[in-house]
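Look at Swiss-Prot and you will find Cys175 tagged as active site, thioimidate intermediate. Annotated NADP(+) binding site per Swiss-Prot: 204-227, in sequence order, evidence recorded as sequence analysis.
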Amino acid sequence: MENVFDYEDIQLIPAKCIVNSRSECDTTVTLGKHKFKLPVVPANMQTIIDERIATYLAENNYFYIMHRFQPEKRISFIRDMQSRGLIASISVGVKEDEYEFVQQLAAEHLTPEYITIDIAHGHSNAVINMIQHIKKHLPESFVIAGNVGTPEAVRELENAGADATKVGIGPGKVCITKIKTGFGTGGWQLAALRWCAKAASKPIIADGGIRTNGDVAKSIRFGATMVMIGSLFAGHEESPGETIEKDGKLYKEYFGSASEFQKGEKKNVEGKKMFVEHKGSLEDTLIEMEQDLQSSISYAGGTKLDSIRTVDYVVVKNSIFNGDKVY
């Protein structure tokens, strides 16, 4: 891999506009059997999503993935969501008790619409075995597997039965995998996405490194079906994190899934904690993302998300912000 690049190195090139207003542009996306309002999903992290936010997202036709850090609550969560006619979308790990959990779901005839196998290094036999286990016991569930960063990994997980793969090793704002281990897609996440997407035959979820709404459009251009976002969704009124006041400003905590705050111990730590400025309501952020993406589609010369996939682009090394600090 030479000529790698990241989000801030790329500018998409406009094509002739065919709409009178950006409101004519359609940002919806289909993943599995369901259609969603935006190709965006809040990260399945404890300071980003909880039951209340999951319910809000599902009711308003946004995709969501519940985190896996309160495993005992998952069964009641699935029941609760499905009893309201909403989709149930959960996360699992790969430890022994997760195998039992999947069998328990099957025994109780509970089939979540989406199951995300969520571990830091998803190119592993542990993940392959779990994909096969879920497909055997819950064949109707749509399985997202990750996280990975290479075409080989995408192909192997797809071949094992994954319905989608999640791409991104350590590019997140509160992820320190790149620093602690020397490995990952941090700094070249967009190029890694492009590399993986070329090998994929099923949808890819780009996960990590998104710092602006324009990065969503860039992810679509380079092959993502859905884009997972953490830091841009942190710090909202509804966010689960704790609120603190500093110098008269409100902040909310945001921490990585493998951080000591998450694990309750300082062992194999690959995440950190930060405080992000309070952002107001989640609804406002989602509306702004939709409007910005509608504008992206109009610049791409189309009316649908797919029009972004065919635009030209240039690589401008680290200069698109001209020294402006946008994040």
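Glycine residues also receive a Cβ, built from the backbone N, Cα and C atoms like all the rest.
Note that the structure is a prediction, hence the values are computed from the model and not measured.
Put plainly, the binding-site residues Asn213, Ser219, Thr225 were compared by Cβ crowding within 10 Å, and the winner is Ser219. For Ile204 (NADP(+) binding site), other Cβ atoms within 10 Å of its Cβ number 27.
In the three-state DSSP scheme, Cys175 (active site, thioimidate intermediate) is classed as strand.
Cβ contacts within 10 Å of Phe222 (NADP(+) binding site), excluding its own Cβ and spanning all protein chains shown: 24. If you take the Cα of Thr225 (NADP(+) binding site) and the Cα of Cys175 (active site, thioimidate intermediate), they are about 23 angstrom apart, rounded to a whole number. Here the residue listed as 'active site, thioimidate intermediate' is positioned 23 angstrom away from Phe222 (NADP(+) binding site), judged by their C-alpha atoms. The CA atom of Cys175 (active site, thioimidate intermediate) is located 12 Å away from the CA atom of Asp207 (NADP(+) binding site). The number of other Cβ atoms within 10 Å of the Cβ belonging to the residue listed as 'active site, thioimidate intermediate', over all protein chains shown, comes to 25.
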